[in-house]
Amino acid sequence: MGNADFDQYSHHHQRVEIPPPKPFLKTLKSNVKETLFPDDPFRKFKNQPFSKKISLGLQYFVPILDWAPRYTFQFFKADVIAGITIASLAVPQGISYAGLANLPPVIGLYSSFVPPMIYAMLGSSKHLAIGNVAVPSLLISAMLGKVVNPHENPKLYLQLVFTATFFAGVFQASLGLLRLGLIVDFLSHATILGFMGGAATVVCLQQLKGILGLVHFTHQTDVVSVMSSIFSQMHQWRWESGVLGCCFLFFLLLTRYFSKKKPSFFWISAMAPLTSVILGSVLVYFTHAEKVGVQVIGHLKKGINPPSYSELSFSSPYLTTVIKTGIVTSVIALAEGIAVGRSFAIMENYDIDGNKEMIAFGLMNIAGSCTSCYLTTGPFSRTAVNFNAGCKTAVSNIVMATAVMITLLLLTPLFHYTPLVVLSSIIISAMLGIIDYNAVIHLWKVDKYDFLVCISSYIGVVFGSVEVGLIVAVVMSLLRVLLFVARPKTFALGKIPNSMTYRSTEQYSVASSVPGVLIIHIDAPIYFANASYLRERISRWIDEEEEKQRISTEIELQYVILDMSAIGNIDTSGISMLEEVKRIADRRCLQVLLANPGGEVMKKLDKSNFIDTIGKEWIYLTVGEAVNACNYILHTCKFQSKRIDSSTTPDDNV
């Protein structure tokens, strides 16, 4: 077929348009806005008077100003019931987790007073209940305990904890203000699942110290060190403490099992920790068990949070470790708190703003560090109880904080005889609920690499340390991202019978390849990281197709169509790769066609003059149009060659 014939055919298909150029600053502004403000928070400020903009701005940064005018007495009744319910869980958990962080028990109670008040005003979740959590508590103990012994120098250790909490709050608030919540997204679900499971396992093992009544114990968190410490002190095991701990653990697990079977009786599981504390304290008081080796909390100072801003130590020689501890624990706390908040928001069909949550978490931890509190977030167990108790707004946090305040002012002497073994049982019971076996099995069924990330994180925490597990998990997740970018999927397309649809021949067995045409789908943007791989992979596709058609009786390969529908962007290395593919095809007497390139890709191909190199007539809107053009040329040429052969005589050949 001559050029005139093909030009006449090519006029019948719609050309792929090149988007109009945009000024660089306008493009940059658009990209930054899309990256940092995907939820478009400025939309509601448009076309509003200045006073209204001020009001909307205050409501945006202080959400309580938005929903408080619509608050009703019915909501208040529900929030009071929920707040009192979670307070019954917050008191024993606060004391327990403070011990996990090697802090005085009263610090755990302080941390359930001020931070929930701050969050109630600034948070966007209706159901999130604020308090201490086990994993950050363990991290604080593991990281700061390496530089300062909490038992030998408790005052300095406490100063470092408050300072680490301050830096954690600053980091969280900064992420929210700078709209950098995407950093937390690098902790995948599989990463968090393995990390939390490993940390929960380590926490459970460490609580054997309290269950067995041991006084001296290792500061290491790996399973080998913990088990060595336990079995090397078998002669110091206290059977009284062990029996008491097993009984309370059985009670707590039984109430949880019953509550899962009968969700309407959720309050039984919620009240179980406080019930255990009361029963344990009464039992020790009347039996004088503390005289036979059952350790108790002892004296708890009465009164609400004393100020601690003067305790913040910014000139400490351990400042580097403190900052590192603050950043690591803040990321873990953010990941857990935002994930929990979003989970319950989805159940109730409302949205929470991740960046506002970061600001709220950050400010409450900054305020907490100045009022004798350590790191807080939104724990799942407390939030689940809050949700099941029927809370309507964040006022339930205020009610909980008020109940904790009353406890601090009036009831702390009642905890004097609370046995530590009961607190260990409460922690083990809570941690067993974090280890999600079903989710791990689901990962194995759905995605083996996610399962590998999860298990690697778990093993890193259990056999290394919490820090090692976190590093392993993040590295594995980033490695997967790099593999996705550097080794994108490519596959050959074939035609679905009785349609104009082209799909992967590997996925659809009925999809048949087009004789003389190779259609390659590239399933990712083309960047410097994958350009060389894609060049080699496309060359291999061509080699395999030529070999396959050489063996068969089909038309030999003449056209290579690159389906670019999934290529959202391309850089200069990617354009150079396309130019090399074009040169490789020219040497093999093959024609390259492009199908469905996006607007951003077309702009860069035009500016680099690649469109002139390949020719506008070889760029098509769809794979179907490109295949039709190839078939038209192939069959027209075949018809013309047959006509020439039939009109030629032996004399003409002489």
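Residue positions begin at 1 at the first shown residue.
For all residues, glycine too, the Cβ spot is worked out from N, Cα and C.
Copied over from TrEMBL, here are the features:
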type     : residues : note
DOMAIN   : 507-630  : domain 'STAS'
REGION   : 1-20     : region 'Disordered'
TRANSMEM : 127-144  : transmembrane segment
TRANSMEM : 156-178  : transmembrane segment
TRANSMEM : 190-217  : transmembrane segment
TRANSMEM : 237-258  : transmembrane segment
TRANSMEM : 265-286  : transmembrane segment
TRANSMEM : 389-411  : transmembrane segment
TRANSMEM : 417-439  : transmembrane segment
TRANSMEM : 451-479  : transmembrane segment
- Task: Could you give the residue numbers and ranges of same-chain residues that sit at least 6 residues beyond the transmembrane segment (237-258) on either side and whose C-beta is under 8 angstroms from one of its C-beta atoms?
- Result: 210-214, 265, 268-269, 272-273, 276, 279-280, 283, 289, 292-295, 419, 421-422, 424-426, 428-429, 432-433
- Message: Quick test of the contact rule: Cβ under 8 Å, at least six residues beyond the ends. What residues does that give for the transmembrane segment (265-286)?
- Response: 85-86, 88-89, 91-93, 244, 248, 251-252, 255-256, 258-259, 294, 296, 385, 388-389, 414-419, 421-423, 425-426, 429
- Item | Contacting positions for the transmembrane segment (417-439) when only residues 6+ beyond its ends and CB under 8 Å are counted | 92-93, 95-97, 99-100, 134, 193, 196-197, 199-201, 203-204, 207-211, 213, 241, 244-245, 248-249, 252-253, 256, 273, 276-277, 280-285, 289-290, 294-297, 380-381
- Chain residues outside the transmembrane segment (190-217) and at least six past its termini with a C-beta under 8 angstroms from it: 100, 134-135, 138-139, 223, 226-227, 229-230, 233, 236-238, 240-242, 245-246, 249, 293-295, 332, 335-336, 339, 420-421, 423-425, 427-428, 431-432, 434-436, 439-440, 443, 447, 450-451, 453-462, 466, 469-470, 473-474, 476-477
- Helix, strand and coil residue totals from DSSP for the domain 'STAS' (507-630) stand at 62 helix, 21 strand, 41 coil
- Message: Same chain only, please: residues at least 6 beyond the ends of the transmembrane segment (156-178) with a C-beta under 8 Å from a C-beta of the stretch. Say none if there are none.
- Response: 36, 101-104, 107, 140, 144-145, 147-150, 184, 308, 311-314, 316, 318-319, 321-323, 325-327, 329-331, 333-334, 355-370, 372-375
- Cβ-Cβ under 8 Å with the transmembrane segment (389-411): same-chain residues at least 6 beyond its ends: 64, 67, 71, 74-76, 78-87, 90-91, 94, 106, 109-110, 112-114, 116-117, 119-121, 123, 125-130, 266-267, 270, 302-305
- Query: Which whole number is the mean pLDDT over the domain 'STAS' (507-630)?
  - Reply: 90
